[in-house]
Amino acid sequence: MASVTRAAFGELPSGGGTVEKFQLQSDLLRVDIISWGCTITALEVKDRQGRASDVVLGFAELEGYLQKQPYFGAVIGRVANRIAKGTFKVDGKEYHLAINKEPNSLHGGVRGFDKVLWTPRVLSNGVQFSRISPDGEEGYPGELKVWVTYTLDGGELVVNYRAQASQATPVNLTNHSYFNLAGQGSPNIYDHEVTIEADTYLPVDETLIPIGEVAPVQGTAFDLRKPVELGKHLQDFHLNGFDHNFCLKGSKEKHFCARVHHAASGRVLEVYTTQPGVQFYTGNFLDGTLKGKNGAVYPKHSGFCLETQNWPDAVNQFCFQHGIIWRQRNLEDT
């Protein structure tokens, strides 16, 4: 059984409100989550010697999350990932979004769900955050009510997303935590062994928009169905890193998605999801300029993300069978 404690984390400027921190603790994990962006700020887990380390990148104070930073630990919405050229059509009407990652719209726009204060509700083993995204926010149509719930049971942290739209609108929610199983602040993730249960992936163009093809991983650098040591794998295939959607089995039941093993510490991260895709990102744009927890710096490849989600730019790519969820009804995912 998990315990939940609540404390102030910081004050937003100009009387914007109090950001609170919720600490979920079991015998195996300790997780800190703040109400700004539903952000996971710390995740502490023991190694095989029983020594606990924080394995997510981030900041010790609120000011770190208010500066320009790469979505450390945050919930992303309305639409995670990229929308090509910041435009899409719904019911014959064209909508235009902010171009915040040239030439596309990324992660919900200039002020996405990661940059707002959510309303918390403490649960017996976790915390639920909610907010109402008004019609037209960041250019998206319709009002959207959103609930994000974190619960902890032993060594399992569950994130459940639910949204209710007043009209047809794109919705694609995910969490953008960066992990380093050697402990945050470790210089790279090259000694991590990665497995992703995907037979296909989405090739992308130079702006990281899928080209419309669902390609087999067989015989390519994207075949991660058996464990690969990340550093050697990147070297062998002359890759700058991963920032790609891997296509998962089409099942509404929760299924195994990915596993990352750090042999030196014995730590293992396993991901299960009901979503049709996972974006595997190896921190290619981290550049060491941000100062994180305990004075850590985060250079390129010092953390990885496994963002379970719908396929990128699906609102514009009708050949993607799974598509993006955009219905006037309740939506749920774990």
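A Cβ is built for glycine as well, from the same backbone N, Cα and C atoms used for every other residue.
Nobody curates TrEMBL annotations by hand; they come from automatic prediction.
Features of the protein shown, as given by TrEMBL:
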| type | residues | note |
| --- | --- | --- |
| BINDING | Asn81, Arg82, His176, Ser177, Tyr178, Asp243 | beta-D-galactose binding site |
| ACT_SITE | His176 | active site, proton donor |
| ACT_SITE | Glu307 | active site, proton acceptor |
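Its Cβ placed at the centre, Ser177 (beta-D-galactose binding site) has 25 other Cβ atoms within 10 Å. A gap of 10 Å separates the Cα atoms of Asp243 (beta-D-galactose binding site) and the residue listed as 'active site, proton acceptor'. Taking the residue listed as 'active site, proton acceptor' as the reference point, the binding-site residues whose C-alpha atoms are within 10 Å of its C-alpha, out of Arg82, His176, Ser177, are His176, Ser177.
In the shown protein chains, 25 other C-beta atoms lie within 10 A of the C-beta of Tyr178 (beta-D-galactose binding site). Here the recorded positions are Asp243, Glu307; the one with the fewest Cβ atoms within 10 Å of its Cβ is Asp243.
The maximum pairwise C-alpha distance among Asn81, Arg82, His176, Ser177, Tyr178, Asp243, the residues recorded as binding beta-D-galactose, is 18 Å. Each of the binding-site residues Asn81, Arg82, His176 was assessed for Cβ neighbours inside 10 Å, and the highest tally belongs to Asn81.
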